[in-house]
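> Have a look at the structure that comes next, please.
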Amino acid sequence: MSTQSLYKVPSEIAANAHINDEKYKKMYQESVVNPEGFWREHGQRIDWMKPFTKVKKTSFDDHNLSINWFYDGTLNASVNCLDRHLADNADKLAIIWEGDDAADQRTLTYGELHTEVCKFANALRSQGVRRGDVVTVYMPMVPEAAVVMLACARIGAIHSVVFGGFSPDSIASRVIDGKSKVVITADEGVRGGRTIPLKANIDEALSHPDVTCVEKVIVLERTGNPVNWVEGRDIKWASLMETASEHCVAEEMGAEDPLFLLYTSGSTGNPKGVLHTTGGYLVYASMTHEYVFDYKEGEIYWCTADVGWITGHSYMVYGPLANGATILIHEGIPNYPTPARLGEMIDRHKVNILYTAPTLIRALMAEGKEQFDGFDGSSLRIMGSVGEPINPEAWRWYHEVIGHENCPIVDTWWQTETGGILISPLPGATDTKPGSATRPFFGVQPALVDNMGNIIDGAAEGNLVILDSWPGQMRTVYGDHDRFALTYFKTFRGMYFTGDGARRDEDGYYWITGRVDDVINVSGHRLGTAEVESALVAHEHVAEAAVVGYPHDIKGQGIYAYVTLTKGTQESEELRQELRQWVRKEIGALATPDLIQWAGGLPKTRSGKIMRRFLRKIAANEVTNLGDASTLADPAVIDTLIETRLNRSE
């Protein structure tokens, strides 16, 4: 194996890990040669009401696309995360919660969490929520967010969690698509010392003329500050819970019954409702949580992701709780009020496993390692990274400053669509290279293909595809199976196209090189460029806009917008700021353009297609080798854009 920056598995980790290198190779081989037998065995890791006999029926043919796992079995996700732990672990901590203000602390045992979930499940039923209904959830990072998700799962309702940073328009589009009758929110969230007007955002979203489905809004009092109240529609969380019974028989769900919807940015504009089902998802989330993080009974596990993202679903709620872990939930941001907060929380709660994002690591790096002078960190055993590829220098900083060079780093690659981790080191099995996601998880068959779909062998670079299904895979785009086929299976026939490019080195390790489609990864969160462009063009002074990602020291990728103004509109710094605020209001703070360059014209082909590769290179300040511009209708546009670019390094 090439030794360039190779970090060997620590011997004490290898000796005690669930999986060592020899076992990984044996299990991986079995998982791809005999997936039926492999998953028949590992499907038993969760509790089934009616055991499955059929394991796998999947087709990646875009004309006959179907994905079914454990499909004649029945179960309930809430029972797997709660009830099955009660006999031995009712008094074990399920959730440790720390508020934005470190003085705010709460804990819930598995017994207490079970009671809360049963009560809220009954409360939902009292408001007419039935099996198969979509419930929209717009909550802060409080234990009640997990309660809501598990209560929905208990009664067979489908939760659709919307990230608390999204705008009213974004909420409205998700409510409309899911036809939600019930929305659950809080008066306000608290994050980084600021209050987030969650209820006000919901009110604005529901005032949208196309939102006609919502009958009830359940409001948790988080801050207690006064909020607008709609009589007959709005109900206080506390008043529902006062009268709700603590006993709730769980619905028996088919393995392929929907568990949740999570909307993700598409390159075509409208967000896609990614649908995950119950059986395969839970098997995969719990198995990857145990093996990728080498989770051991009694450990404290902290995933810093927001519940509004897939990482919060799979590795803050379902995976860890199915495994009976104690999870830490933090309401705020791990570098507030000072960058030392992350270390303080690790020490305060004796965290053993930390799962966070490169964007936070880079932000902490920028503050300097002396911020961690008072940090002990001796409880930490395993550290993970998620959301985007981590650059090697951030990896090394994380390893040295947070992990004290003792903790293996699992740099995990996966997507909303995959349900769980697909490519990652295993702590006791995989020597790591900073910046590489390394090897596939069990049952996952990655490949690289060229633009014609031909598989490329050996050390190479290409489009990353997956050749066969795995249990955690999404099943469809909600209400639009054709879009599911078109987005993921038509580009390269018979394969799942990830939308990412990757490089495979001579050791067979995978290095993710980033999106190859029109999606930007900002601080580990995906945004469709079409969404941002649509928001800009909706402004009265904008004639045309093109949006690309560019390298950003903190966020990984920043948003660079080229804007052509309407005739007669004057370019000004005031207008630039107005447009930034406009996008922020239309989509959310995450989508705010970092740089807006005025563009008299955009590079287009004669058929009118914008040539984004030129725009990406100019935004990245790579202006010496732009490639062939002969297909452009007006090549002179390029020179002007280079001349007026904003991201130049002097």
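Backbone N, Cα and C define each Cβ position, glycine as well.
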> Let me know which member of N225, N228, N335 Swiss-Prot also records as binding CoA at the site of R191, G192, G193, R194, T311, S523, R584.
N335
> For the ATP site, Swiss-Prot lists G387, E388, P389, D411, T412, W413, W414, Q415, T416, D500, R515; sort out which one of R396, R493, R526 goes with them.
R526
> Around G193 (CoA binding site), how many other C-beta atoms are within 10 angstroms of its C-beta?
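Within a 10 Å radius of the Cβ of G193 (CoA binding site) lie 11 other Cβ atoms.
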> Taking DSSP three-state, what's R584 (CoA binding site) in: helix, strand or coil?
helix
> If you measure every Cα to Cα distance among R191, G192, G193, R194, T311, N335, S523, R584, the residues said to bind CoA, what is the biggest one in Å?
24
> Relative to the mean position of the Cβ atoms of V537, H539, V542, the recorded Mg(2+) site, which additional same-chain residues have Cβ within 8 Å?
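After dropping the recorded site residues, what remains is A535, L536, A538, E540, H541, A543, E544, A545, V563, L579, W582.
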> Restricting the comparison to the binding-site residues G192, G193, T311, N335, R584, which residue's C-alpha is spatially nearest the C-alpha of G387 (ATP binding site)?
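Checked the binding-site residues G192, G193, T311, N335, R584; minimum Cα distance to G387 (ATP binding site) goes to T311.
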> R191 (CoA binding site) has how many other Cβ neighbours within 10 Å of its own Cβ?
18
> When you measure from the Cβ of T311 (CoA binding site), which residues in the chain that are at least 6 apart have a Cβ under 8 Å away?
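Same-chain residues close to T311 (CoA binding site) (Cβ under 8 Å, separated by 6 or more) are C303, A305, Y355, V386, G387.
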